[in-house]
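Novice: Reproduced below are the annotations present in TrEMBL:
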type     : residues : note
ACT_SITE : E62      : active site, proton acceptor
DOMAIN   : 38-208   : domain '3-deoxy-D-manno-octulosonic-acid transferase N-terminal'
SITE     : E132     : site 'Transition state stabilizer'
SITE     : K207     : site 'Transition state stabilizer'
TRANSMEM : 6-22     : transmembrane segment
TRANSMEM : 52-73    : transmembrane segment
Amino acid sequence: MLYLHLYRFISLLLYPIWLLLLKKRIKKGKEDEGRYLEKLAVILARRPKGNLIWFHAVSVGEINIIISLIKLYHKKFPADNFLITTTTVTSAEVFEKAKMPNSIHQYLPIDVPFIVEKFFKHWRPNLSIFTESEIWPNLLLTAKKHSPVLLINGRLSEQSFSKWKNIKSLMISLLKVYDLVLPGTSVDLKRFSFFCQDNIHYLGNLKNAAPPMPYNSSLLKKLKGSIGNRKVVVYASTHRGEEEIIVNVHEQLKQHYKDLLTIIVPRHIDRTAEILRMTARHKLNVSLYTDNNHIINSKDEIYIGNVVGVLGTFYRLAEIAFVGGSLVERGGHNILEPGKLGLAVLVGPHTFNFTEIVQGFLKEEAVIIASNQKELYERIKSLFNDNEYLKKVQKNALKVSKSQDEVMNLYIETINKFLIA
C-alpha cells in the first residue's frame, strides 16, 4: 500500500497542473464548456432516491456496452438508478443520444483526493463499477470506503501486463481493492490471475454478448433511398494514417466499380477537417454527414460521418466493413459490431486489443486480414467479384458474433448480488 499512499500525496501536489491541463483542453475544444466543472466535482444534478449504481466507462466501445447492460438490467430491476461517468465529450454524446432510463451522466472528476471525496459525498453510490482497464487509485480507494467495487470486462493488454509485472506488488494492492474482477477474455483471465486469484472470476466476453448496434430507422430509409443499388464499403473507427490508404483503395476500386461509395467514420470526429484536407488533394467528390445534412448525392464518392452515434445506421447501408485502428498500431476496434449485422469484416494486422475475438473469427473464416493497402484493395475486390464468397464470409461473421444473451444475464445477476440496499 506504500505505492498507493505515495500516489495520493503526489496527486495532491499535481493539482495545479491538473487545472492547467483542463484549461488547455477547454481552449482546444476538447472539453464541454458548459460542464467542465463536473471534473472538479462541482455538481448541479441531484442524487436520485433509492439504489444508485455507478458505472465508469472511457471509450465509445465501453459506453455502448454499458448502455446495453443498463437497458437489460432496467427491465429486470426497474427501481434501481444509474450514474454513468465518462472522460470525453464523444462518449458523453453517445450516452445522451441513447436516452437511458433512470440514468444520469457526469464527467469523471480528476483523481485528486479532496475532489474525489466531494464526488462521493454527493453521489453516495451503492455499488461502484469500473470497466475494462481504467485504474484511478484515489477514485478506487475512495469508492471502496463507500460501496462494493467491481471491475467488469477487465482488460490487461500484453504491453500493460509486461509493465505491471515489474511492479507486481502495486498491481496486487490495486486488484485486492476490488470485491470482484470479471476479465473480458480468457487471455485477460490468465493475466489477472498472475497477480491475484481470490477475487478473479470469468463469466464470458461481455462485448460478445452486447446486442446489435442501435440505428435510426428514418435516417436509414432516407440514406438507402439516396444510395440505391450502389456498392458501399464502410470504414469504421479509422485513425490518422489509415484514411489516406482508404482513399487510395477507393480510387483503385473505382476503376472497376464506377458507382462505389466509400463511407469513412473516424474514431475521433475532431479530425474531420484534417481528413477533408487530405481528400481535397485527391480531387474527389466528398460529402460530410452532419446533424443538418443527411443527404448522399449520386456524385458523392466519399461520405464522412461527422456525428457521434450513427455508425449503427451506416453499417446497415453496406455489405462490407473495415474496422480501423488496425492498419496502424492502435490495436484495432470491435469487429463484433459489424459482425452482428452480417457484414463481411476486414481488419489490418494490428488487432492486439481484440486478440481472442479476432482469433475466434479467423478460425471460422469470419474475418479477413489485410496487411497493407495492396491487400485491402485485393480483398475487397475479391468480395465484390465473388458473391458466393461474400455471402459465406457474411454468414460466418453473423454466426460467430451472434449475441450471447446468457453472458449478459450472468453479469446482471452478479451485479445485483453486490448491490447494497
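The backbone N, Cα and C atoms fix where each Cβ goes, and this holds for glycine too.
TrEMBL entries are annotated by machine, without manual review.
Note that the structure is a prediction, hence the values are computed from the model and not measured.
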Novice: On the 0 to 100 scale, where does the mean pLDDT of the domain '3-deoxy-D-manno-octulosonic-acid transferase N-terminal' (38-208) fall?
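Specialist: Over the domain '3-deoxy-D-manno-octulosonic-acid transferase N-terminal' (38-208), the predicted model scores a mean pLDDT of 93.
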Novice: Rounded to the nearest Å, what's the C-alpha distance separating K207 (site 'Transition state stabilizer') and E132 (site 'Transition state stabilizer')? Just drop the number here, would you?
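Specialist: One finds 11 Å between the Cα atoms of these residues.
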Novice: Quick one: pull the CA-CA distance for E62 (active site, proton acceptor) versus E132 (site 'Transition state stabilizer'), whole Å only.
Specialist: 8
Novice: Can you tell me which parts of the same chain pack against the transmembrane segment (6-22), counting only residues 6+ beyond its ends and a CB-CB cutoff under 8 A?
Specialist: 31, 36, 39-40, 110-114, 137-138, 141
Novice: Hey, what's the Cβ neighbour count for E132 (site 'Transition state stabilizer') at 10 Å?
Specialist: 23
Novice: With every protein chain in view, how many other Cβ atoms are within 10 Å of the Cβ of E62 (active site, proton acceptor)?
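Specialist: The answer is 25.
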Novice: Tell me the coarse DSSP state (helix, strand, coil) of the residue listed as 'active site, proton acceptor'.
Specialist: helix
